[in-house]
Ligand SMILES: C[C@](O)(CO)[C@H](O)COP(=O)(O)OP(=O)(O)OC[C@H]1O[C@@H](n2ccc(N)nc2=O)[C@H](O)[C@@H]1O
Ligand SMILES: Nc1ncnc2c1ncn2[C@@H]1O[C@H](COP(=O)(O)OP(=O)(O)OP(=O)(O)O)[C@@H](O)[C@H]1O
């Protein structure tokens, strides 16, 4: 049986990061939402487990064997009870790689959801989530693509408060930043954040209210990422200067930043102006919320 699905971009609306534990991993508290834009993963029967990558960012992925789509597929097959039909994937890579958008984790999540459809017997949601969590800290959150507050290393999920759909613009200056390198620079600065979950309103009435509340939160990795890739500072300064941007902040470990806007028209205006100003930057207007799949 064939199928295809969106692997949505993940945005950390805030990301609070504490001091690392003995294993080197950091406790976090993050409000994650998902975009109606992302990669596309297609599954069909094949002679052998394989992935073909195409799309604008295919060239940034080397080594088919390391692709998170295949790592996810292998991890799921290891859990399968009974013989399974070989799967072939097509990955349309529309998100920049190592960009703070959780693209690899979201691709893995999409592959797991698609494969589970065809399994007999099927793994349940908790079993699928356990497989996703083993693939990376963002794995569990990116499996379902619904707004969540993530704690622990990122695997402890609770439902996010009622958020309106958020009109947004994503901007990446064309630099890849490695997540371990950003956490390393964060440690070197020794300025650790408080990861007690902030008091979240039960619901937000408007995007202005969301932006106002987010201004009381942070992305603790921003300074470390800007130190490694000063272009991120240019993106944040450029977005912050624009009247349509209610708030501008980096997502995850960067380099992609987001701006929230009051309406779709304002987001489109902002996206077009940034594209005209900075033709080399990746600019994507989108809506944040989820699930979109
Ligand atoms: C930056 C975030 O994307 C925010 O959502 C995540 O914290 C990172 O998620 P991820 O890319 O899925 O992370 P992984 O692939 O599991 O880990 C990459 C590296 O990030 C660091 N890492 C990750 C998560 C965490 N809570 N603490 C860490 O220190 C570790 O050095 C690890 O080797
Ligand atoms: N399908 C995939 N898509 C993206 N990256 C992949 C994929 N498979 C393997 N990778 C590898 O995973 C690493 C992280 O890529 P990804 O795009 O998920 O980063 P990210 O957006 O910064 O993630 P996060 O926000 O979770 O830190 C890259 O070094 C990349 O080579």
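Glycine is no exception: its Cβ is also placed from the backbone N, Cα and C atoms.
Here is what TrEMBL says about this protein:
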ACT_SITE  10  active site
ACT_SITE  138  active site
BINDING   96, 97, 98, 99, 100, 101, 102, 103, 104, 105, 106  ATP binding site
DOMAIN    67-145  domain 'GHMP kinase N-terminal'
DOMAIN    207-274  domain 'GHMP kinase C-terminal'
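Apart from the site residues 96, 97, 98, 99, 100, 101, 102, 103, 104, 105, 106, the chain places the Cβ of 9, 10, 95, 252 no farther than 8 Å from the centroid of the site's Cβ atoms, the recorded ATP location.
Taking CA atoms as the reference points, residue 98 (ATP binding site) and residue 10 (active site) are 12 Å apart. Averaged across the domain 'GHMP kinase N-terminal' (67-145), pLDDT for the predicted model comes to 94. Separation of the C-alpha atoms of residue 100 (ATP binding site) and residue 138 (active site): 11 Å, rounded to the nearest whole number. Checking the recorded positions 10, 106, 138 against ligand 1, the ones whose Cβ sits under 6 Å from it are 138. A gap of 8 Å separates the Cα atoms of residue 106 (ATP binding site) and residue 10 (active site). Neighbour density for residue 104 (ATP binding site): within 10 A of its CB lie 27 other CB atoms from the protein chains shown. Residue counts of the domain 'GHMP kinase N-terminal' (67-145) by helix, strand and coil are 44 helix, 6 strand, 29 coil (DSSP-based).
When Cβ atoms from all protein chains are considered, those within 10 Å of residue 102 (ATP binding site) total 31, not counting its own. Taken in sequence order, the recorded positions 98, 102, 104, 106, 138 that lie near ligand 2, meaning a CB under 6 Å from one of its atoms, are 98, 102, 104, 138. Looking at residue 10 (active site) and residue 102 (ATP binding site), their Cα atoms lie 5 Å from each other. If you measure from the Cα atom of residue 96 (ATP binding site) to that of residue 138 (active site), you get 17 Å. Across the fold, the C-alpha of residue 138 (active site) and the C-alpha of residue 102 (ATP binding site) stand 7 Å from each other. Broken down by DSSP into helix, strand and coil, the domain 'GHMP kinase C-terminal' (207-274) contains 36 helix, 10 strand, 22 coil.
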